[in-house]
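Student: One structure follows; several queries about it will come next.
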Amino acid sequence: MGVCLLDLLVFGVHLLSWIPLIGLAVFIWHYTRTNTHHGSAVNDGKHISENSTNGDITQHGAPGRFFTMQPAHVDPTKMGVGKAIAVLTSGGDAQGMNAAVRAVVRVGIYTGAKVYFVHEGYQGLVDGGDHICPATWESVSMMLQLGGTVIGSARCQDFRTKEGRTRAACNLVKLGVTNLCVIGGDGSLTGADQFRSEWSELLQVLLKAGKITGEEAKRSSHLNIVGIVGSIDNDFCGTDMTIGTDSALHRIMEVVDAIATTAQSHQRAFILEVMGRHCGYLALITALASGADWVFIPEMPPEEGWEDHLCRRLANQRSLGYRLNVIILAEGATDRCGKPITCDIVKNLVTKKLGFDTRATILGHVQRGGTPSAFDRILGSRMGMEAMMALLEATPDTPACVVSLSGNQAIRLPLMECVQVTKDVTKAMAEGRFEEAIKLRGTSFENNWNTYKLLAHVNPAEVKSNINIGLMNTGAPCAGMNAAVRSAVRTGILQGHQMLAVHDGFEGLAYGNIEPITWSTVGDWTGQGGSNLGTKRTLPASLLEEISLNIAKFNIHALIIIGGFEAFVGGLEIVTGRERYEELCIPILIIPATVSNNVPGSEFSIGADTALNTITATCDRIKQSAAGTKRRVFIIETMGGYCGYLATMAGLAAGADAAYIYEEPFRIRDLKINVEHLVEKMKTTVKRGLILRNEKCNSNYTTDFIFNLYSEEGQGVFDCRKNVLGHMQQGGTPTPFDRNFGTKMGTKAVLWVTDKLKECYRHGRIFANAPDSACVLGLKKRSLVFQPLSELKENTDFEHRIPRTQWWLSLRPILKILAKYKISLEISEKTSMESVIKKRGVV
């Protein structure tokens, strides 16, 4: 009996020791079941999501919170099965519309939906028949580089009537279309929203008339609408840029640059009228980018007596030795009483009062034509994809939305809220509330206006500040550097400072290659490419003693460094040298300027847009060279060092089949898949392929290696050609974006330095050694921000000269999907419905 009790006691002790393990096993079993039920792996990296009702980031199991598990292994090619979608372009055409149409069609087909073209806008929707036809993957090939809209556009009076909308509804119902993507301006989008709100009523009318059956009415019980803003005027509130605006600015600046050469030959004044209806965006940006002497915009009519003020301004410019006067006039410009100001009025005024040889040019529809810019192609592709995703996710209760651009993020906004704010601007101008109209256009518009007023009108400071600010370029030259120097010089002079030009980068600073730079010296620098100050890649670490001596010799109180990664590293080296050389304890500001777009602290660098447009235009020409040669693949190498920005964005803009970059490692298996993909592509009606390769994406898989591989594997199917673009990417005339961006950066830099000098002035001298006295001025989302070099250092891969996080990598899935690669849509851009009234900080 004792033995039995002892055995039981031992067994009980063993049992107690196993209880924790049994409990753990039960917990793991239960947790596994829960996750399996929700259809998500434990480590899939998608456990946190937004609450669809309040937008709060939530976590599963916490009191008062909600947790959404993402379904595992969702086949992206099945998301649109059973859905029919129609796409149309309406109103005035705009460059980049074709990119949006292409993206809508390809993403729709990719997800299994049936996509229809509606030719000739709303007129085609009303007429039906052959105007509404199925779209195929190949039917949207080779249209990225085409201006206008290949499916046609029209201003339709029939759609304004109830009868016309009823006929349009009948045509859609017969085809089973319940999703409509409209690409156009505010009028076109307003019409789409009205069409949607009347949909149920229109179905009842058709049902009573016997034109559709009850089954057809039930199948098409609701209509989903998504809008994409396509307008060169950029007059739609709620989006930073509309499709076509950037391309229109390219056309305008091409004309301005061409006119400048002939006008200087004869000492002429030119008045250029640009489009925009009642929005002065095109005129304002043109004036900023060209350094125009005067600009007329509807949002801010000139004060009374503007005629005398204008003439004094032009006469003053001519007295300073300028041979050219440029006046930019928005087509909707008026005076304070609402009386239109026309080219003829301004021309007659200048001719009679000043006796200048004056010419007037109305650009007209030239602005709507031509090849879309790289920005408009990328914007159209992003918006087209987002519009399609919005339609696929829409429910009968989803309000009509418009896809907009906020910073670098594609967002969805309530359509009619945006339309209402747009109307509020027009109303404010009509009632004479011009300051309010400027503000309603957005902070970006307001800042552009203030920057133009600051730089265009000469009001030198009466009292000199006795402050000397050094300006220098470093690293490789790029377009837009001179625009930044010009605005910095003129802003500094207006603040009462003396501006010093440091030639040849840090070497010039060390060897004393420094001289004052004046207002008139930089007069025509905005449109000039390269670096007029001279630039070198030399870093300052070995020259700190000489640099400190020259800073003391020339009495430099602050330093603005415009350049690429060398400027960032050089700034850090100077900050490190402050411990040894007190002369280096001055405010230092870095302005990113490089084609590589690899400077930490900024999403964009001056010069990158110009390089991107150069690559895109070259790709267009190269692809066109194969027009008479069937089945050819081009391998093109781009610059950028280890940064794949140019290769990725040019791939999106030029419609590449693949873009190899360092940030996304690839192996021989990936190359093999790409070759097989092209072999399949050559079996269709599309007989050309385009492959982009970043110059340092892989040390072994070189351009020659990839060329040889494709040539060997493609034998009998396609042949290959390779092109290394080289230094042509660093040259050229700056694009409107780089001119405007450089101008704003230069002005902002000097204003920051001025404030920082006041903070650092102690005991009769400047002493700056705090971390925030050495910063990078960068564009983050929609704001220009100043970030200390010491903070950015942690987020930098110095070995490969790139930031550790880069926003544009989220766009790579779009590139792959549009090239027909099967990938998960979960890793692309995430957007949600927002209110347009919600305040967002802007540049």
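Note that Cβ sites are derived from N, Cα and C of the backbone, with glycine treated the same way.
Note that the coordinates shown come from a computational prediction; the quantities given were computed from them, not determined experimentally.
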Student: Besides R155, C156, G185, D186, G187, S188, which of G92, G96, G244 does TrEMBL list for that ATP site?
Tutor: G92
Student: So if I draw a 10 Å sphere around the Cβ of R359 (substrate binding site), how many other Cβ atoms end up inside it?
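Tutor: A count of 16.
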Student: Of the binding-site residues G92, R155, C156, G187, S188, which one has its Cα closest to the Cα of R368 (substrate binding site)?
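Tutor: Out of the listed candidates, the nearest Cα belongs to G92.
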Student: Given the model, what does the mean pLDDT over the domain 'Phosphofructokinase' (85-390) come out as?
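Tutor: Mean pLDDT for the domain 'Phosphofructokinase' (85-390): 94.
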Student: Please give the substrate site's span as the largest CA-CA distance among S231, I232, D233, R268, M275, G276, R277, E331, R359, H365, V366, Q367, R368, to the nearest whole angstrom.
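Tutor: Taking every pair of listed residues, the largest Cα separation comes to 33 Å.
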Student: I want to check the contact list for G185 (ATP binding site): same chain, sequence separation of six or more, C-beta distance under 8 angstroms. What comes out?
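Tutor: Result: S90, G91, G92, V229, G230, S231, D233, D235, F236.
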Student: Determine, to the nearest whole angstrom, how far the Cα atom of V366 (substrate binding site) is from the Cα atom of R155 (ATP binding site).
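Tutor: Distance between the two Cα atoms comes out at 19 Å.
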Student: Rounded to an integer, what is the Cα-Cα distance in Å between R277 (substrate binding site) and G187 (ATP binding site)?
Tutor: 13
Student: Fewest neighbouring Cβ atoms within 10 Å: which of the binding-site residues G92, G187?
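Tutor: Counting other Cβ atoms within 10 Å of each of the binding-site residues G92, G187 gives the minimum at G187.
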Student: Could you state the CA-to-CA distance between G187 (ATP binding site) and M275 (substrate binding site) to the nearest Å?
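Tutor: Cα of G187 (ATP binding site) to Cα of M275 (substrate binding site) measures 17 Å after rounding.
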